[in-house]
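Quick look at what TrEMBL annotates:
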{"type": "TRANSMEM", "residues": "16-36", "note": "transmembrane segment"}
{"type": "TRANSMEM", "residues": "111-131", "note": "transmembrane segment"}
{"type": "DOMAIN", "residues": "112-255", "note": "domain 'Sodium/calcium exchanger membrane region'"}
{"type": "TRANSMEM", "residues": "181-201", "note": "transmembrane segment"}
{"type": "TRANSMEM", "residues": "213-232", "note": "transmembrane segment"}
{"type": "TRANSMEM", "residues": "238-258", "note": "transmembrane segment"}
{"type": "TRANSMEM", "residues": "348-370", "note": "transmembrane segment"}
{"type": "TRANSMEM", "residues": "382-401", "note": "transmembrane segment"}
{"type": "TRANSMEM", "residues": "413-432", "note": "transmembrane segment"}
{"type": "DOMAIN", "residues": "417-569", "note": "domain 'Sodium/calcium exchanger membrane region'"}
{"type": "TRANSMEM", "residues": "439-461", "note": "transmembrane segment"}
{"type": "TRANSMEM", "residues": "481-503", "note": "transmembrane segment"}
{"type": "TRANSMEM", "residues": "524-542", "note": "transmembrane segment"}
{"type": "TRANSMEM", "residues": "554-571", "note": "transmembrane segment"}
Amino acid sequence: MAIFSASRAKPKKSAIFLNISFIFLFLFYIATSYFLDQSNEPEVTAKLSLRPQEELTKSEGCSGIHDYTDYKSKCVYIKSNIGCRSKGYINYLQIFYCTCGKFSMLGHTILLLWLAVLFYLLGNTAADYFCPSLESLSKLLKLSPTIAGVTLLSLGNGAPDVFASIVSFTRSSNGDVGLNSILGGAFFVSSVVVGVISILTSPCQISVDKCSFIRDVCFFLFSLCCLLLIILVGKISLWGAISFLSIYLGYVSVVCIMHCQYRKKNHLAGDGNQEEFLESGIPLLGCVDDEKPVLVDKTTDKDQRSSMIFCNLDSSFCYYSGRLLYVLELPLYLPRRLTIPVVSEERWSRPFAVISVALAPILLAALCTSQREKEFGSKSSLVTYMTSGLIGIVLGNVAYVTTKKSSPPKKSLLPWLAGGFFMSVTWSYIIAEELVSLLISLGYILGINPSVLGLTVLAWGNSLGDLIANVAMAVNGGADGAQIAISGCYAGPMFNMLLGLGISLIFSSGSKYPSSFVIPEDPSLYETLGFLIGGLLWTLVILPRKNMRLDRSLGIGLLAIYLCFLSLRLARSLGLLKLH
């Protein structure tokens, strides 16, 4: 998700647009919640009183909404059916059918704008808060580049997919969204991204390391076969979920062993260049993110020059316009900045650090009370808020006493980094929960299975950064850059699948222990897995035959496989093709 990384001193047009959209959506939500809904409440209440009591308490989803024709009846159905209640914090179906009513175009625009805002927030939180915390932790713990690349930095790149999968299993009744999102993202990256890289780099006759490639693809295929077996069985126990997650530990062990052997061999041979190539050949996905700001700086250099010329014309106008842009960025930036501790040298601010430490416990208390709203009364919530407020005051005073205004703390960094990591995880979880809830609601509105949206919209949105960053690395980084990009295209999706689905399955099966967790039934998963395995086998056959050189035949074949898969899913969604 490196695409979302941006400097605070250089606000992007897209970020400003999304912040303005957020302000508009927030004001719209407040206005409609307190004014329009109150005017419609008597009419809706009268219709609810005419409906049978057993119909008011049924909870088998919200699929019956399209049985009604007018928006008023749909609004009554949504408010009377427990299955239509949102799993997130906002009831999108109620906004679309009750608030917007007959203005369906307005409803679609609002939900699509909010979808873009959520995608931006999820990626930007990972890029600006989650990844820096992981990188600093890896340096503090003195992890080798190999271990950091296949653990912490891979987690930073795959955070959106991992959190979306966990939320889909734990906070919604639609685990299909998480499964399809992970598999859709893996298929997109391993087919489209690798295909585009192969086509663009084919004139350069670039070869990739055979051992690293075969290792990554074989582990990926083994993981997919294990997942296929789990889906065929239809259920999984707690120990089975732990075993599935442990596959990645085996992968990390093999990578480390190969790295040590190769490094020892190069040390005996005294060849430093080969060792540097090895470091680039490992799936060190953080290198992709590190290269991205360089590309951004190149593209924004012309904009800086033009803005300097423009600012010289009227310095006062430039000053006030700059302050206006800064203010417009605050709505999406400030809530996270005030609750996530940041101790990096370039972003250090003592007031922000103290406030974030003081407000973080309150945010956690608000999250806990909202999750358990139905189980505890207002008295328990008040006690929770008072306790968290007291903890925040103590931590804030400690932070104020132990920090300096000029520079971030140099000692006792582990609590700061751990706090920043935990709070960025909290924000990613909140945003992912809302994103999954919105996709499920859009599935009901558009009459599309939410799993299809997870396979396409959610997977594409989370993989867009990988597409841009990996292709840029392969095109501009030469042979080493192509090696890093190709390794990332397989190690990253495998990490997302094993960690995202593994943790989700552990949570879900742990809640059912000693019984087994039943996997959501979705026949289309077999198609996705089949095409994904087919794309990997195509790569595994073609690359060795081409002496590990990336060429057009490999790329065109991968793109053709992905387009065939999309055509099949589209035909089934539209009812043009029915497979039993």
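Glycine is treated like the rest: Cβ placed from N, Cα and C.
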Could you pull out which residues elsewhere in the chain have a CB under 8 Å from any CB of the transmembrane segment (181-201), counting only those six or more residues past its ends?
161, 164-165, 168, 220, 454-456, 458-460, 462-463, 466-467, 470-471, 474-475, 482, 485-486, 489-490, 492-494, 496-497, 500-501, 525, 528-529, 531-532, 535-536, 539, 550-552, 554-559, 561-562, 565
If you count every Cβ pair below 8 Å, which range out of 16-36, 238-258, 348-370, 382-401 shares the most with the transmembrane segment (213-232)?
238-258
With the transmembrane segment (111-131) as the reference, which stretch in 16-36, 238-258, 348-370, 382-401 has the largest tally of C-beta pairs below 8 Å?
16-36
May I ask for the residues of the chain that lie six or more residues beyond the transmembrane segment (348-370) and have a Cβ under 8 Å from a Cβ within it?
89, 337-342, 376, 380-381, 384-385, 387-389, 391-393, 395-396, 398-400, 403-405, 407-408, 419, 423, 426, 430
